[in-house]
Each structure stands twice: as structure tokens, then as C-alpha cells.
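According to TrEMBL, the protein has these features:
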DOMAIN    20-225  domain 'Band 3 cytoplasmic'
REGION    112-132  region 'Disordered'
DOMAIN    280-811  domain 'Bicarbonate transporter-like transmembrane'
TRANSMEM  307-330  transmembrane segment
TRANSMEM  351-373  transmembrane segment
TRANSMEM  393-413  transmembrane segment
TRANSMEM  425-446  transmembrane segment
TRANSMEM  497-518  transmembrane segment
TRANSMEM  530-550  transmembrane segment
TRANSMEM  585-606  transmembrane segment
TRANSMEM  627-650  transmembrane segment
TRANSMEM  683-702  transmembrane segment
TRANSMEM  709-736  transmembrane segment
TRANSMEM  756-773  transmembrane segment
TRANSMEM  780-801  transmembrane segment
REGION    833-854  region 'Disordered'
COMPBIAS  843-854  compositional bias 'Polar residues'
Amino acid sequence: MDNPAFIGDNAEHGKDTQFPLGVVLLDVEETNVKSIVSRAVECMVAVDHVPYDKKKFVINSLLADCAHINEREIQINRSEKETNDDHETAVPEHARKAGINKIFSAHNIRKGKSEDHDTYNSDSGGGRKSSEGSEATAVLVGAVDFLKSPTIAFVRLAEGVVMDNLVDVPIPVRFLFILLGPYQEEKQFQGVGESISTLMADKKFHEVAYRAQNRKDLISAVNACLFSTKTHEDRNNKTVDMKERGINGAVSLDIEPNILVNRAGLKKEVRDPLKRVGKPFHGLIQDLKIRMPLYLSDLKDGISAQVLASTIFIFFASLSPAITFGGMYADKTNQQIGVGETLLVTSINGVLLALLGCQPLNIIGATGPLMVFDLALYQFAESFEMEFLPLRVWIGVWMVVLGIIISLFELVTVVKHLSRFTEEIFSTLVCLIFIYGACEKMVAIFKAHPLRDEYRYEDENRTEIVSGIIVNGVLVNGTNADGVVVKSYVLPQPNTALLSLIMMFGTFFIAFRLKFFRNSKYLGRTVRRAFGDFGVPIAIASMVLMDYLIEDTYTDKLTMPSGLQPSKPELRGWFINPFGLQVDIPVWAIFACAPASLLLLTLVFIETNICHIIMSKPERNLKKGSGFHWDLFLTCILNLISGVMGAPFMTAAVVRCVTHAASLTIVDPNNPAKAIGAHEQRLSAFAVSVMVGLAILLSDVLNLIPNAVLYGVFMYMGISAITSIQFFQRCILFFVPVKHHPKDMPFVTDVSTKKMHLFTIVQLSMIAVLWVVKQSPASLCFPFILMILVPIRMFLLPYIWTANELFALDGGAPPKTDDEPDFYEVSHNIGSFREPPAASEITPPTTQNSVQRN
């Protein structure tokens, strides 16, 4: 197991903590006291043990000249101790004014990782000498007026470092304790320093300090030492009592994933957003009560160079899919919904979510699952000869009604039953739809522009056209050899199909290879990430440039009216009449939209909450809470706006949300793999949404994009996402010999091969059922089949697989890798809300490799 560089209080720990141990840093590589203290304090800020605005002050104060109050020499066999006189020194005046009253320093010398019993002696000159291999422990203690309870940071260096300003002997320091607490207890801090020295003098604790892998190991060792200390003399009991009086403070420092702390460090609130309380609208109200007081902070925190860079990046990351989905909608709905509507309403909804949402890091937009529903609804409306757009308005109205019911009864909490089993089936279906749709459109291009030895102007009956006008490859007022006037249509063009094929696969391969380039060994890390993150815009720009330079070959391009007008102004305006555009909508259809809205809400519910699940993961260290309840209700309102304006239904787009959060992450400067927080603000999402809306004015530029390029983007979205799904990896194992199966995958090591393949076959069967439903006239009902997957997973699968087998297949974390995960990989790693199975449920391994490989 790798030693974690930073373990906050949200790490696993015992409930019987008798010591205010907060931040734990193991095997720190820094070699000077300034870097070490700075890193420790930054981590204390990250877990809100130190207010953000006090960080610089605390660092500077701890680095001030310290007095050594507890210089103690200890034998390895603890048979002899020599204690020097203790003394203290007041801190500089600038520190006292800011709130630190006393700073002390203590050190404890002990032979590290050695079996011999050399003694550490003091010479007559006050200097010290020790046997080779000795290492010291330094203690920094500070009394402050802005803390209500004490907190201790423990630092273990990777190697001992000589620090003359901490200890007055040439002994390398291996361990540091940093104690901060309220100044009312400053007289007791010397006792804490002595207690820490006592801990390090304890042989068992000392050995644990060297070997500890996590915070839990240290807490257990501290508790064991304190328990034995209680049997000692009264002097030691006094020290223990002082530490026990800090228990309440220590407990209040525990940071759970859903704690909210304001920037001033004045208030904390522990809350599980997915725990049902039973009060009407409780979750929604709590979301607002927690987030809205931080509104000013959300604005101030947006003033940052990193936020500006993120805004530019996310603009391109949001514009590309908006154009792509808009183009696909226009093609599939006969221009009733197009690129203009998609861009404008994406902007309006994005602005509202940025200003009113409880999780403004989410980016809203059109997504694949919602597009599938919309296209199924379009086919349904066409088959019943009803108007498509007014139906969508009523679906939006019913969505708001259902959103109110969900908020009333706190039904968002059922997301806890959403697991990898359902999410993988859902995601795989969407990926297959993307890939199939791209190939289907390319086949249509080959049918419209077939490959021929000779291209003549012919009508649909292959009769030669003898006269007419051709504009951009479109015949106007043509007459064939029989004298019949031919209607306007696109003539078959030479090389059109081949060039479209090249552009589709060119777009896909450029974006796909740049995705892998981010983890290559070329150029610097920042440059590689930039190429990988901007892969899709780079691919689109490259293919558009190629098409622009090839002037002699016709390609079908995006069609978007100039200016601010709908895609089909002769049919519709910017606001849709819910009672019908040209024909009155039947009354029964209004009520029939209620179950349809439930199906749509199922998709919105899944996608929105997947975003919140990923955002709420402890490793992201977000401080301002989540918005499971309020954001879902707000999304229902935004989809009513989408229906009224005749735009695609929208929800939080998982990949775009993950990309946005990643671009705003604040990393540990000494360990880029560790996130210590993020710029949680509203300005970047607001600015991105405004710029996406302004892109509607670039219709002349957007009309240069060939449709084949958009098909390439869809293929990239499908293949990139499906290769990141664990289900796809298990499908590959069907064709891999057992001896070559990976040894670091829980679903391989903890489950027999037969049961692993059976689980994959069950998922394949569910995907096949969903595909058949999607391709049938009942395609509108495919979300209903999706809902059925949850009870199947909860009640039927446990009859076949044991609890620990299901956890390995359905809830285990992915193995660690040196490669930086792609945003598609992160978006499909939701894991499971279910806890690991209890010990009584775990089946003992049958072989050394955990399971019998059948």
C-alpha cells in the first residue's frame, strides 16, 4: 500500500479518539522547515481546522524563532532519561497582535530503526552527541484566539533532516507535531509537549510512528499508549486529564464528506444530503439554507486567474457538444429543433443554474440519453399525427409537478440504490446509440452520393436531366429528357461520400489520439493536458480547415439561419404555444404527457445525481456542500423553459461537469496528485453560458462545419466513453485466457471466472432488451425498462452472487494507475453507495489468489 501524502479527518478513524489528532502527512519529501510547515498548514486549511484567511499568519508565526522547552534524551531501552530545564519565549509582537500568544518548540531524540541500545549523552558544554542513526521529534505549539478547540498535525518525513532552528543538536528530525489551540489553555500546552515526548518515548508507539500507513494506525497507537498512561503516577494522570478535556474539541474537528464550513471558520454543519428525514421539502430547504449564505463567497472566489483559464477551456468544451447535438436534432426533427435553439437555451439555462444552483460547478446541456428520448417522442408524435413541439411543453409542465412531489417526500434519497450495474447498462446503451447513429448517417451519405464510374445529372428515376440551374450542388427548376419538371433536390456528387468518410474518421482519430496523448511522455505535463482536453475542438477545426481548402468537392454542411431566429421560422417562433402551432392538441394528449414526463424525469434524475455523486466524493475536498434536492427541482424548471422555447431537454452533463471541476481543482503544490480543494464559485459557469449564447451570432462560421465532422464527434463520444466502462473491460475478458486476466481488478481476484462472466452476460441481456425497445415503436418507454434495473439489482442478483462478490463486481474502486484519468473515465467511476459487506457476509477465499479460477 502506498503511503498517503495527506490524510485528513475524513479518513477512516476510530470513534474513541482520545487525542486531537487532525491532519496526518506521511513520508513528506520536503527538506526544510518552511516547506514542511507550509504544507502542513495548507492541509489544516483544506480540512478547515485553520481558517483560510489565517493561513499565512499561522505559517509565519510557526516559523518564528522558537525556544526549546522540552529537550529530553532517552535511551532505547528506556532505562535512563535526562531532562533539561524547560523555558519558553514569547512570540514576536506582530504574531501576538494577530492572535498567537505563545509558541514553543520541543524535541525528543530517539534511535530510529535500530536494534542497538546506544545512549544519548550531554556533554559539559551543553552540546549533544549521539550514536549514528539517531532521529529527533520536534513539537511546535501555538496558542491562538480564533480556535475553540485544539488540533494537532502529525508529519513524518521521508528521511531525517537536520534543522538547526528546531533542535540545537545535529540530529536529523524525522517527526514533527504541530499543535494549535485556544489561548485560554496556553498554560497547558507545555504539558501537551511533554505528552508528545512521552508518546515518542514509548517503544510501541515509536515503532508504529515509523510503520503507520494511515491515520487509523496512529489513533490506535495513541489510544493504547494513553490507556497504559492512566495507570501511572499522578503527574502523568494530570497530563492525560488535560488531553481528555480536549476530546470534545477533537470530535468537533472530524470532517465527514458532507460537512459545510464557511470561510471564516465560524460554523460547521454535519449533514448527509441523502438521508431521508421525513419532513416536507426538508432536503430542498436544507440545500438552500447551507449554500445561499455563501453566495457572496461564491462571487469573490471567482476572481482568480485559474477561474479565467477554466472559463476559456470550458467554453470550448461546452460549445462543441452544443453544436453537435443541435446539428443532430436538426437532422432528426426536420429542423424543428436546431443549433440556434440549442445554443440559446443552453445559455439561458446555464446562466440560471450558475446563479440559482446549489452546485454551480455543474454544467447543463443537451445529453445523449435526453436526445434519445426526444427523438423517440418525435417518432411517437409523427405516428399519431400530432405536433411535436407543443407536446414537449406539457411534458415540461408535468416535470415541474413531479419535481415538487419528489422534493416534498425527499425522494432524491433513492439515488443511494443506484449502482454501477445500472449506470454501466445505461451508459453502454447511450454509447452504442452514438456509434450506431454516426455509422447510420454515414451510410445515408453513401446512398445519397453513391460511388459511380460516371456522374450524370439524373432525377430520382435515373432519367437524365437536360436543363436546369445548379446552386451549391442543388438542382433548381430542372427538366429531364421527357420534358418533365424535376423538383429541387441534391444531386449525387463525386467524391462527396469518400471525403465525408475521411472527415468523420479524421475527426474521431484526432480527438481519440489526443485523448491518449495526455498520458504520453512527450512535451510537458501542462502541454499534454492542454492537447488532451482540447482534443475535440482541435479535431473539428482541423477537419473544417481541410474541407474549406478542398473547394471542388461538395459536402453536406450544418444549416443555421443567420441572426437570432429559430431554425424553421415558417413553422415556429421562439415561444411554443402549448395548445398547438397549426392544429389544436387533443385534451387527452395533455394528460398522456404525464407518464412521458416521468420517463424523462428518470433520465434527468440519473444524470443529475451521477454528477452530484462524483462532485461529492471526499477526494475532491469540496467545502460548500452539494445540491441533490434543489438542483434536481431547478433542473425540472429549466426543462420547462426548454419546452416553452422549443429547445432540447437538458440536464447536468457528466463529462462537462467533471471537466469543469477538474479545471478548478486546487492541488497540493508538493503533490500534484492530491486535491486540497477547488475554486467553488459561480462566475466561470455564468461566463461560459453567456459566451455559448453569443455563439449564435456566429452562424456564418458555424455553417462551414460539415455534418460528417459532427458524426465523427458522436463516434468519439461513444467509443471514448465505452472504453472507460468496467463492463466493456469484462466483455474483453471473454476472449482472454484466464492466466492473462489482470491481477489488480477486484472483479477478477474476488469473483470466480464463471460468475464474473455470468454477471457480464446479465448486463448484456439487459442492454439487448433496452436496444430492442429503443428500436421498436414503443421506444418512448425505454426509461421504464431502465427503472426496472434497480429492483433487479437489489432483490434478484443477491440470490446468485454473495455480498462480497457483488461489491467487487458492482461497487469496487478501480485499481490505481500512474496515468491521469480521462474525464470520461472519471464520469463512469461512480462506484456504489453500498458499504463493503460485513465480515459475516464475506466468503473465505478458496485459494491464495482469493478465488478458485474456474
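Each Cβ is built from the backbone N, Cα and C atoms, and glycine gets one as well.
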(Q) With Cβ-Cβ distances below 8 Å as the criterion, list the same-chain residues six or more beyond the ends of the transmembrane segment (627-650) that contact it, or say none. (A) 273-274, 283-284, 286-288, 291, 325-326, 329, 336-337, 341-342, 344-346, 348-349, 352-353, 356-359, 362, 364-367, 370-371, 373-374, 389, 392-397, 399-400, 402-404, 406-407, 410, 412, 415, 566, 572, 574-576, 578, 600-601, 604-605, 608-609, 612
(Q) Check for me, if you would, whether the transmembrane segment (497-518) reaches the transmembrane segment (756-773) - at least 3 Cβ pairs under 8 Å, residues 6 or more apart in sequence. (A) no
Q | Stretch contact, the transmembrane segment (307-330) with the transmembrane segment (756-773), Cβ-Cβ under 8 Å, 3+ pairs | A | no
**Q.** Within the predicted model, mean pLDDT of the domain 'Band 3 cytoplasmic' (20-225)
**A.** 63
**Q.** Outside the transmembrane segment (351-373), six or more residues from its ends: residues with CB under 8 Å to it
**A.** 287-288, 290-291, 298, 314, 318, 321-322, 325-326, 328-329, 342, 426, 430, 433-434, 599-600, 603-604, 606-608, 611-612, 615, 622, 625-627, 630-631, 634-635, 638, 641, 648-654, 656-657, 659-661, 664, 678, 680-683, 685-686, 688-690, 693, 717, 774, 779-780, 782-783
Q. Between 425-446, 530-550, 585-606, 709-736, 756-773, who has the most Cβ pairs under 8 Å to the transmembrane segment (393-413)?
A. 585-606
Q. Under an 8 Å Cβ to Cβ limit, what residues of the same chain, 6 or more beyond the ends of the transmembrane segment (709-736), are close to it?
A. 320-321, 323-324, 327-328, 368, 420, 424-425, 427-428, 430-435, 437-439, 441-442, 503-508, 511-512, 515, 536, 539-540, 543-544, 547, 558, 655, 745, 747-748, 756-757, 759-760, 763-764, 814, 822, 824-825, 827-828
Q: Go through the chain and flag residues at least 6 beyond the ends of the transmembrane segment (530-550) whose CB is under 8 A from any CB in it; none is fine as an answer.
A: 313, 316-317, 319-320, 499, 503, 506-508, 510-512, 514-519, 523, 659, 663, 704-706, 708-709, 712-713, 716, 822-823
Q: Could you tell me what the rest of the chain brings near the transmembrane segment (756-773), counting residues at least six beyond its ends with Cβ under 8 Å?
A: 421, 424-425, 428-429, 432, 727, 730-731, 733-734, 747-748, 779, 781-782, 785-786, 789, 792, 797, 800-801, 809
Q.
Using Cβ atoms and a strict cutoff of less than 8 Å, what residues sit near the transmembrane segment (425-446) while being 6 or more residues removed from its termini?
A. 328, 331, 368-369, 372, 496-497, 500-501, 504, 556, 606, 707-708, 711-712, 714-715, 717-719, 721-722, 725, 727-728, 763, 766-767, 770-771, 774, 786, 789, 828
